[in-house]
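Working notes for the structure below.
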């Protein structure tokens with residue numbers, strides 16, 4: 001009797017839930033859809049009839065202008081290089097540290113984990129100046145590797161915590177079996193453990209790469225020319241004081257999203273799972 | 001144990017390789033990352049704190065000069081800092097409350113059992129992964145006084161943001177940025193809360209239903225208390241992000257109009273990036289760091305996290 005009653009109540013509220021879900025989806029996705037639509041419109045049409053729907057004149061003009069008339073291709077290349085370097089460094093160091101923190105038990109472990117977390121509390125602006133001066137000293141200003149090093153310091157803590165979470169989820173018996181069969185400690189990590197956490201590595205790599213891809217604060221300070229300038233800085237510089245080139249702006253935005261979308265579709269679900277696995281524990 | 005023994009018998013270099021065992025091995029794996037952290041975090045942190053007690057303007061061409069507490073005396077009497085503190089406080093508090101509420105509502109909706117619910121789960125996460133630059137200019141465009149689609153839609157329901165527009169109005173610019181921050185960041189809470197809800201056994205709902213509890217009572221007395229640790233961790237992380245990272249404000253309003261959106265880290269960034277006053281900029285940042293640490297300690301005490309241990 002009572003169970004029947006609750007089931008009925010649930011189905012009544014499911015109409016409300018569906019309405020809420022639709023609202024959420026529109027709230028989240030409409031801005032993105034509208035931006036994509038605007039990027040295909042004619043500049044005159046955007047200004048004259050900004051909110052109109054006109055599908056007859058859609059074209060790739062804005063994309064052509066961005067690709068041939070601006071520095072954008074160079075900036076994208078810079079961003080790709082920097083993100084890749086950040087990813088490689090964060091993942092190499094983060095995997096080793098995460099494995100160490102997951103498998104061993106020593107007194108300073110808690111402290112080390114806390115230090116990695118505390119890094120996030122320090123205002124980026126405070127570190128920005130000394131890092132700028134440090135890079136100036138070592139001639140790393142306006143270079144890919146300099147920028148990637150700065151990013152790695154910020155992404156490394158996340159990489160360490162996430163990778164530790166993925167290693168924690170793996171039974172230690174597998175490595176012990178490998179060791180009994182004559183694998184060295186490093187060999188067990190390389191041949192047995194790493195292949196098994198590959199999905200976790202992919203998720204962490206995507207997250208790290210996206211963070212480096214998106215940053216604007218450090219890029220603004222550390223880069224000064226097209227040698228290493230990344231696309232977010234280029235986009236900020238594209239903005240004049242008055243008339244904003246909406247067509248080009250939205251086209252740039254859509255182009256910059258492509259790597260993020262590829263990364264996300266590649267490791268999206270895994271990434272979401274990994275993020276929460278690290279956070280909810282304890 | 002057995003493997004170590006086997007190694008020694010088979011491998012003549014086993015004595016050398018045994019360094020790679022136990023604690024030493026753990027430290028060897030940690031050294032590369034700790035080195036990097038000390039180079040790019042610990043040393044800069046030390047340097048930044050020292051700069052906060054120094055006069056150092058890059059354009060003067062002089063070396064940093066220690067001036068003890070002078071910068072801090074200026075800081076406490078600086079009307080810009082007072083203004084920025086007030087704005088940072090408003091920004092953080094309203095930002096947190098709005099994000100937690102919407103994030104919670106979204107998480108409750110997304111617990112619905114359905115074959116296709118994962119599509120909705122991923123779709124609402126997308127804003128969180130959008131590059132801030134794209135988010136900033138996209139919303140500047142859609143809330144633009146002349147060409148914005150939201151300006152038009154809102155005017156239909158009697159809300160007028162035309163004229164000087166949201167971004168030109170000192171009374172509304174901050175709330176404009178807060179709205180965009182909400183759009184971008186509430187999925188973070190949804191992600192955490194959703195994971196927290198899924199960790200709660202479904203049978204609990206059945207047993208509270210048998211006891212006659214309605215959905216709201218179940219949420220209030222079962223779900224919410226069980227979500228406490230998750231909410232604690234996520235609000236701390238998000239509060240730190242809101243206070244520390246001026247990215248969205250920098251991109252959308254650059255602190256204007258009339259300094260109405262000038263949050264503390266943006267003020268510090270402008271002192272460094274535009275005035276090249278590295279000393280005073282560091283002073284502001286150190287003050288922010290001290291304030292965050294203070295609030296974090298008070299918050300941890302107040303919520304009583306870790307007392308169970």
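Backbone N, Cα and C atoms are what each Cβ position is placed from, and that goes for glycine too.
Tertiary neighbourhood of the transmembrane segment (A:12-37): same-chain residues 250, 253-254, selected by CB-CB distance under 8 Å and a gap of 6+ residues from either end. Among the features that TrEMBL reports, transmembrane segment is placed at A:12-37 (among others).
For A:76-267, the entry in TrEMBL reads domain 'ABC transmembrane type-1'.
Annotated transmembrane segment per TrEMBL: A:80-101 (among others), in sequence order.
Annotated transmembrane segment per TrEMBL: A:113-133 (among others), in sequence order.
According to TrEMBL, the feature transmembrane segment maps to A:145-167 (among others). Non-local neighbours of the transmembrane segment (A:145-167) in the same chain are 82, 85-86, 89-91, 93-95, 97-99, 101-103, 113, 116-117, 119-120, 124, 127, 131, 135, 138, 193, 197, 200-201, 203-204, 207-208, 211-212, 215, 218-219, 222-223, 228, 230, 274-275, 277-278, 281; each lies 6+ residues outside the stretch with a CB under 8 Å from one of its CB atoms.
The transmembrane segment annotation in TrEMBL covers A:188-210 (among others).
Within the chain carrying the transmembrane segment (A:246-267), a Cβ under 8 angstroms from the stretch's Cβ atoms is held by residues 35-36, 38-39, 41-43, 46-47, 61-63, 65-66, 70, 72, 76, 80, 83, 199, 202-203, 205-206, 209-210, 213-214, 231-232, 234-235, 238-239, all 6 or more beyond its ends. As annotated by TrEMBL, transmembrane segment applies to A:246-267 (among others).
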